[in-house]
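These notes are about the structure you will find just below.
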Amino acid sequence: MNAIEVTNLVKRFGDKTVVDHVTMTVAEGEIVGFLGPNGSGKTTTIRIMCGLLTPDEGEGQVLGHDLRTDGLKIKREVGYMTQKFSFYEDLTIGENLEFVARLYKLRPVEEHVARTLDELGLTSRRDQLAGTLSGGWKQRLALAACIMHKPKLLLLDEPTAGVDPKARREFWDEIHRLARGGLTVLVSTHYMDEAERCHRISYISYGKMLASGTVAEVVRNAGLTTFVVSGPRLDQIAEALEGRPGVEQVAPFGATLHVVGSDRNKLEAALADIRGRKDVTVEPGETSLEDVFIQFMAGSRDNMS
Amino acid sequence: MKNVTNGLFSFARLGALLTKEFIQMRRDRITFAMMLGVPLMQLVLFGFAINSDPKSLPAALVATSNDPYTRAMVSALQNTNYYRFDHIAETAAEAEQLMASGEVAFVVTIPADFGRRVAAGEAPQILIEADATDPSASSGAVSTLGTVASKALLRAQGMEAASAEQAKGQLEVVVHRRYNPEGISQYNIVPGLLGVILQMTMVMMTSMALTRETERGTMENLLAMPASPAEIMLGKVLPYLVVGAVQVTVVLVASKLLFAIPFIGSLSLLLSAILVFVLALVLLGYTISTIARTQMQAMQLTFFFFLPSILLSGFMFPYRGMPGWAQALGEVLPLTHFLRIIRAVMLKGAEFPAIAVEVGVLGLFVALFAGLALFRFRRTLD
């Protein structure tokens, strides 16, 4: 059985279609990255999946429960971590967790809270007010609260926004540990390194699902060619290349320039004169996930404006 | 002057601030509606509804004889416009019941021997009992009584006996100010204040219940967890019953110690009625919190409801002095019904049957507000 199986989900707010016929499948035990620019419908899609929003069209099952009719069953078996910290800042960590434990009717409460505090290394901060925690600790509390009832599916909405690299690394180690225990995870993110830590990724843009698969598959299917240019005064070369036929992206990467296009012949033609220069080297390079995403973003029309 | 505009004060910057404020004011529709609604409401309510000298008050007549003098007296009282005899009581006990339940404001008793005594040239008596729980409401009717009654008697005798001299100063009008013989207005105000205080604090506090969650961003999380709308509603409003209990105790004790307000009726009956009233209030507050999007809006809606409650419930001004439309408005406010209950129980010693209807109406408010709140509550973020 798949943890998530939704077909042709549509959600409109007013005359804006925020989620436009999204079809998605997530197998049990999988970590799936959900990527896309701001306002692309990631949060809305996740909210539909945990029963916070009702889709206007389409249907699906989450953990075998119908999306439209079994909202309460889904809520009991899903852990949802909101984008913005949404626990009570005037309660301590312990009190927040006790509240959550009792809402899920976990018994004995004290045992569940103690175990969760221990697993996430929060025991020493148990009596600290949630409002006084730093970003990383808040995120840890939020994760603790949404895995305490041992959900089968974890929905994480940009969980690592505003969190330092070390805390992010630890967070992802934790996610992988949980997935090994059979938990399914759908996580939305903007970070490429996080996308690469997922088993599979799905890319959504302006409500439409544009690509799905492993990172390698997504990069390969994009069919992009990349050349790496290095040499002096790369800014002048970048300016010269911009707008030439076949050149779709020019982006500086450290001391090099990535030049990306979908038509290899046109791209080579565009680079011919630069390749001829003595002081500049042009080599075929590997297309990165980021190049693919920039390409997607440039190609999709913004329906938000 | 150049320095002033560049440094401490600049009209350009002031303009930017003003523009921003006006834009925000216009976007917040409830606030905008309040700005127009509150002054208009105050004007209309104060202007048209309030009348501190109420006329046409319901009265019961206890009259056993049907002689011309009695008829003349009744029509004279009715012609003052203060009295409206819509109850004819057979016995004094029946009239007493009508007054205790608040159905009439006056009981006028004309003794059976009234006509005979007038005819015999003896000094006749009539008894006017006034419900003085609200002394100001009945004062006009009582003060005009003596002259009106004497004049009526003179006229009646003038037709019969053609001698005005005979009756002069002979009519004796006995006035009983029931429940509050000294006409102390605190007897009316202090029990009413309990209702007003409860209304203000209970509704205001619970009206923030959901808006606080929404404003702090905790609503999304609460909805994502398995809590049902009824659980959330009760979880939000029940704590305020405790707050209400504390307030009730403080006001009742203070009314005894500071104001020496008499408490004739049953305390447990009053407390039961207060419980129903407070439940109606917290649910009203909760309903407001399902409508308001910010705490500011919740405050304004609370105030919007509070104002007519003070003015139209009979707390500040006599309920019976208001025109029909204002009385109808007053009927849909829980405070109106609560004031009747608390005044009846504390000052008149009313038993449950006398206040059953009012308690029933409060019960209806509870059901209505609970239903409305559950209907308005959004289980999703749609």
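For all residues, glycine too, the Cβ spot is worked out from N, Cα and C.
Because TrEMBL annotations are produced automatically, they should be read as predictions rather than curated entries.
What TrEMBL annotates here:
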TRANSMEM  B:30-50  transmembrane segment
DOMAIN    B:139-380  domain 'ABC transmembrane type-2'
TRANSMEM  B:189-211  transmembrane segment
TRANSMEM  B:232-254  transmembrane segment
TRANSMEM  B:260-286  transmembrane segment
TRANSMEM  B:298-319  transmembrane segment
TRANSMEM  B:354-375  transmembrane segment
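When the stretches B:30-50, B:189-211, B:232-254, B:298-319 are ranked by Cβ pairs under 8 Å to the transmembrane segment (B:260-286), first place goes to B:189-211.
Among the stretches B:30-50, B:189-211, B:232-254, B:298-319, the one making the largest number of Cβ pairs under 8 Å with the transmembrane segment (B:354-375) is B:232-254.
The transmembrane segment (B:189-211) and the transmembrane segment (B:232-254) are in contact, since at least 3 Cβ pairs between them lie under 8 Å (pairs 6 or more apart in sequence). Here the transmembrane segment (B:232-254) has long-range neighbours at 190, 193-194, 197-198, 201-202, 205-206, 209-210, 222, 263, 271, 274-275, 278-279, 281-283, 285-286, 289, 370, 373-374, 377, meaning same-chain residues at least 6 beyond its ends whose C-beta is under 8 angstroms from one of its own.
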